[in-house]
Amino acid sequence: MAKRQEPSDSNSHLSSRTKKMMSWHPQYRSSKFRHVFGKPASKENCYDCVPITRSVHDNHFCAVNPHFIAVVTECAGGGAFLVIPIHQTGKLDPHYPKICGHKGNVLDIKWNPFDDFVIASCSEDATIKIWDIPKQLLSRNITASRKELLGHARRVGLLEWHPTAANILFSTGYDYKLMIWNLDTKESVILNPVKTIDFHQDVILSMSFNTDGSLLATTCKDRKIRIFDPRAGTVLQEASYKSHRANKVLFLGNMKKLLSTGTSRWNNRQIALWNEDDLSVPLIEEDLDGSSGVLFPFYDSDTNMLYVVGKGDGNIRYYEISADKPHLNYLTEYRSYLPQKGIGIMPKRGLDVSSCEIFRFYKLITTKGLIEPISMIVPRRSESYQEDIYPLTAGVQPALTAQEWLSGMNKGPLLISLRPGSDLVNSQRKFPERTLPNSVPLESNRYQDRIERKTAFEDAKMPYRFQDERESRKGMDQLQEDRKAWLSNGFDPFECPPPKTENELLHMFYRQQEEIRRLRELVNQREVQVKQLELEIKNIHMSSGTY
């Protein structure tokens, strides 16, 4: 019987060496986000027939908040973008109003994180404009901005709001300058920024703040990553690593790390992880593929998840970031055959916590004129609120005023709970109604007619005073209940698109019939009251002998 051959010493030494190397990298890793999956919205919940821009600029071209989705659009004779109510899905009217005050193509748009009805835009015409968006449905093109910032000598390519201070806006232009603007002024035209940073040697490609906004990281066309104090204008760290040509950079929350996307020496798309305090050599470099599109990174500091979206392809890769080695843990990939031109993300306070949604993208598909929402969902069987995947997150209240931040103060974001019914969630500011000074009427007045019909309809439903106090109270209670039913998440159903299915159409028809019946009863009661009053007046006149 043959004797089994024992392993040689060299093999045994190799085996022990391999075990030693793999001791910090477990084969199976426990994570509550291992099974996160991407769920695209159904066709009726997408935004169709949207004229998405065909600009070759490497930007997101889309900005989202819980009320609106803004997207840069094609426009002849200047630049424009659309602002669509977030619930107004389906086909977009070709005459839908635009925000069209720029003389050149719009390159970037960003919502104010502390005011859901204020948006900033920058353009090839070297200007930055701040716009007020009305709460009601747009009926005309908006051409007059609230503020105009004039400081750049060439086109303005990027915008970023400060994450914790109110009314502080950062801009970068093709004049190689980064400017800091204080919008907390009464002037409608601001000619000079509060700070100009001009040590970059080429066009700035991206910028990212740390959690409290005390540091800013940028990537430049010279392929260097810089970390600096924006108020002092002094560079703290600079990376000139030759093997990684950085394009986009991102602070990873409180992890004391940065992530950059770019290309390797062999022109492979690559991501790199850096220590915030030492940019000489990256902690990790990982090649992804050989495509040429830019990689947009997005980081969720609540879940420590990193999403990497490729321009020109339909894939979204996602990772989990950890403080221990290996810092970058690949989870899986969402795949689609439809390439994305740009991408927008919903703030955490706008997510659907009942379906365990932890992130939501808005994918711009130029070839189909489509905006497709994609929800990242943690599969859970329980329908209750999952507190472990929804920690406290940044809210809508600024932690600092503009002057406090400019004077040197630093504060982290004010946190809120996403639990339904939480007082903190409901403590959002009530934004004042704004009037638009100059507007250009559309060829079609469909939206104005809809608003007028809505106003007339609501006026007809004002409560009447009944002779019987009990009937009056009952009618008022009924109107309050109906009003609560009409309003959902702060939106009036009259501002939503028409029903898309036969069942929805029938449901709306029956509701309208019920409303008509109830209004007829009120009118009949009113007529009875009028007749009674006429009889009483007649009796009074007869008794007094003056009739």
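Positions of Cβ are set from backbone N, Cα and C atoms, glycine also.
Under the heading region 'Disordered', TrEMBL lists 1-23.
Per TrEMBL, domain 'DUF1899' is recorded for 26-90. Across the domain 'DUF1899' (26-90), the model assigns an average pLDDT of 89.
Here TrEMBL flags 99-133 (among others) as repeat 'WD'. In terms of DSSP helix, strand and coil, the repeat 'WD' (99-133) has 0 helix, 22 strand, 13 coil.
As a summary of secondary structure, the repeat 'WD' (149-191) carries 0 helix, 22 strand, 21 coil according to DSSP. According to TrEMBL, the feature repeat 'WD' maps to 149-191 (among others).
Residues 58, 157-158, 160, 162-165, 170, 172, 174, 176-180, 245-251, 253-254, 258, 260, 262, 274, 276-279, 301, 405-406, 408, 410-413 of the same chain lie 6+ residues outside the repeat 'WD' (197-238) yet bring a C-beta within less than 8 angstroms of a C-beta in it. Residues annotated as repeat 'WD' in TrEMBL: 197-238 (among others).
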* Spatial neighbours of the repeat 'WD' (99-133) far in sequence, C-beta under 8 Å, 6+ residues away -> 53, 55, 57, 59-68, 70, 72, 75, 78-83, 141-150, 152-161, 163, 166, 169, 171, 173, 181, 183, 347, 394, 396-398, 429, 431, 434, 436
* Structure fact -> The DSSP breakdown of the domain 'DUF1899' (26-90) into helix, strand and coil residues is 3 helix, 24 strand, 38 coil
* **DSSP helix/strand/coil residue counts for the repeat 'WD' (197-238)** => 0 helix, 22 strand, 20 coil
